[in-house]
Amino acid sequence: MKERIVNLETLDFETSQEASLRPNLWEDYIGQEKIKSNLQVSICAAKKRQESLDHMLFFGPPGLGKTSISHIIAKEMETNLKITAAPMIEKSGDLAAILTNLQAKDILFIDEIHRLSPAIEEVLYPAMEDFRLDIIIGSGPAAQTIKIDLPPFTLIGATTRAGMLSNPLRDRFGMSFRMQFYSPSELALIIKKAAAKLNQDIKEESADEIAKRSRGTPRIALRLLKRVRDFALVKNSSLMDLNITLHALNELGVNELGFDEADLAYLSLLANAQGRPVGLNTIAASMREDEGTIEDVIEPFLLANGYLERTAKGRIATPKTHALLKIPTLNPQTLF
């Protein structure tokens, strides 16, 4: 499948740009109000006690600000933030090297934490509970365990698949937060703030239009903003007005609902099944896409907005999908 403009993965060239647009203070961080409120209380209490924060887990679809909110937490706690990803921690020695380099009250952010191997989790448990690292030297009857004390630290785990976390690991997080999709009005504010940082003039209705097509996700909103800015530059316009914005978004293949070719292909597959559940493996084979991408990238927004139902037997299109695609729902009796 070709590269999607609404793809939720962070592209290499976007990393430095994302950092420049990232909010640095709570007042700059838009959305996730309940999470912000709870975190502000926890941070204030931890600072008064002069302790590290409890370990915390952020889960939800990609692109909703898990990393950004972790940067703000570290800034508020006046401490260091170390960032890594579970696939990079292949051996217990990799984790030991990270943990032994932490200072008191530092924050360790592990992305895709559901991908940690069971062996790595076993090393992590005493580190989280007792701030202790148990290193096994040797093997068999001659094996010895060396205990290394660690400074108190905070582990922030981020995952798009909370259900894949083992129960022992999940239970060791003192706080757990589900990141929600953003409203169009919240996304419009994010877009206008980002445009100002980019020194780009943008009309209110243009920001609203981009927000409407951003699938409730800041990462997509910022990506669309930058692509529309490119169209404005090519047209020698210093202002992103509605005409340029509509032209750019249509050229990018993102419709009024934020759907692209992949979304519509997915929904068409379900709708044409006429009420029969379609298995994930069948969908993946038909779309030539891996199952993880379908579950983590395509489905969450469609599911949250009522375009499909997940059942034990598979996925089913809702009446909303049939109405969108203008595919009539057949009477079940006519299917047999």
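Yeah, the Cβs are placed from backbone N, Cα and C, and that goes for glycine too.
Here Swiss-Prot flags Leu21, Arg22, Gly63, Lys66, Thr67, Ser68, Glu129, Asp130, Phe131, Arg172, Tyr182, Arg219 as ATP binding site, drawing on sequence analysis. Cβ contacts within 10 Å of Thr67 (ATP binding site), excluding its own Cβ and spanning all protein chains shown: 20.
Look at Swiss-Prot and you will find Thr67 tagged as Mg(2+) binding site, backed by sequence analysis.
Here Swiss-Prot flags Arg310, Arg315 as DNA binding site. Within 10 Å of the C-beta of Arg315 (DNA binding site) we count 23 further C-beta atoms, all protein chains included.
If you look up Swiss-Prot, you'll see 1-182 marked as region 'Large ATPase domain (RuvB-L)', on the strength of sequence analysis. Looking at the region 'Large ATPase domain (RuvB-L)' (1-182) alone, the prediction's average pLDDT is 90.
According to Swiss-Prot, the region 'Small ATPAse domain (RuvB-S)' annotation covers 183-253.
What Swiss-Prot records for 256-336 is region 'Head domain (RuvB-H)', and it gives sequence analysis as the kind of evidence.
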Could you say which of the binding-site residues Glu129, Phe131, Arg310 has its Cβ with the most other Cβ atoms inside 10 Å?
Phe131
Closest to Arg310 (DNA binding site): which of the binding-site residues Leu21, Thr67, Glu129, going by Cα position?
Thr67
Which whole-number value in Å describes the distance between the Cα atoms of Gly63 (ATP binding site) and Arg315 (DNA binding site)?
24
What is the number of residues in the region 'Head domain (RuvB-H)' (256-336) that are helix, strand and coil, as DSSP sees it?
44 helix, 9 strand, 28 coil
Can you grab the distance from Arg315 (DNA binding site) over to Glu129 (ATP binding site)? Cα atoms, rounded to a whole Å.
40
Inside 10 Å of the Cβ of Tyr182 (ATP binding site), count up the other Cβ atoms and send me the figure.
24
